[in-house]
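Working notes for the structure below.
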Amino acid sequence: MSVKWHTPKENEKLKRILDYLKIAYWLVDLDFVLLDVNRTFLELTGAKREKVIGREMLTLVNEEERINVQLLLKELTEGKRESVRFELYVYGRQPNVKHPIIFHVSINKNPEGQPESANVLLVDVSEQKQILASLEKEKKMLEKKEQELFHFRRQHRRSNLYTEMIGSGSKMEAVFETILRCAEVDTNVLIMGETGVGKELAARAIHSHSHRKKEPFVTVNCGALPDALIESELFGHVKGAFTGASSNRAGLFREAHQGTLFLDEIGELNKNMQVKILRALQEREVRPVGSDRCFPIDVRIICATNRDLTSMTQQGDFRIDLYYRVAVISLVIPPLRERQQDTIKLAMHFIRKHQKKNRGQLKALDLATQQMLRRYHWPGNIRELENAIEHALAMSHSTEITPEHFPLQVIFPESNTQRGQSSSFAQSINSGINAKREEDRRIIAEALDKNDGNQTAAAKSLGISRVTLWRKKSMYNL
């Protein structure tokens, strides 16, 4: 827009206003020669009025920026624009110190509407630039701190995860990393793995490290419920919906509202229920059995299966659209036989767990037992290991657990196929126990020999107490 100051009196008034606002001002003719300046400009630059009056405006512009400014001013004088705005760096009072200045140039017109002169407002934005630079610096520092806090929290969650789930090696590290990544988002997860590998434990870990951790974690085993009841269990029912429905029930989807619903063994669902669960996930609402009303749900779905859902989709046994809904992220838990380095850690964890529950004395695993546990292939995975440890604790009446305290299938895995032949199997049991004892005796004798009979050193090398070593020496007449 044009500014119409024509008289010297009006020009002086404009200068006083701009001085009050600390905005520098030039009055220039149509050749952009300086006719007048205000006090703020002189204070900003340290220039003398007599030295700047009569100078061409472009001589105050850096040579490399002069052409662009000249083009803008030309558009102004040709009437293509009524005002232009650009930013230049201008030297101030201090030598070699440039100030960022925003130039706003507008044409003054006479009463006949003809261009007469131009007003140039110069706004020093040094302070604003410094504030912006400071804010940008603080923003980067804040982002860095947030990143550090994110990594600290992640490391803290990882540390907690090690106490919740026992595991080491590259495969379990990959599992832990995926769990943490799943916890950071709200995406549906499919956990796959053999029976007993700890799929529900992984699901609980995802929930406990997510933003939903204070909300319910609801579990349901889809394979354990009859087809006639599973719809009512998941979606609820109204009173009188079927025989035995004596009251309203919300259903597990609504019970898990704002939390996590864990659908274990999802591969066991029939086609009809697959369709209904798919609809619930798509529409984010459920309708109880016997009701004509739908209820909105806010729930994260984590599913688990020990079946190959990809093959099931190809065979038409599992809906592919439901598969893509539940398997946004897939997590595979390796079987125990692929992480044998964790067997003893897990065994000791279960010993502590059950001894604490039964308020019993903490027991140790002798070396032969540790070797046996590592050799066994654990078809039932961690669940079978816990069962075997609980069995051994019940059978052991001393401070140490030895091979004979374990279930027979763990002691003699190679004999599992011969169980129909009871007599030969019984003989193999006796000979096997004797063989285990001989192995135990040999290991202890070697440890004593290597340590020149020093029982303390021998016990330490075997990972057992000195009392246990003394007892075994007596048992084996060493």
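The backbone N, Cα and C atoms fix where each Cβ goes, and this holds for glycine too.
TrEMBL entries are annotated by machine, without manual review.
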- Task: Can you dig out which of the ranges 125-155, 404-434 TrEMBL describes as coiled coil?
- Result: 125-155
- Task: Could you break down the residues of the domain 'PAS' (10-80) into DSSP helix, strand and coil, giving a count for each?
- Result: 41 helix, 11 strand, 19 coil
- Give, as a single whole number between 0 and 100, the mean pLDDT over the coiled coil (125-155). 81
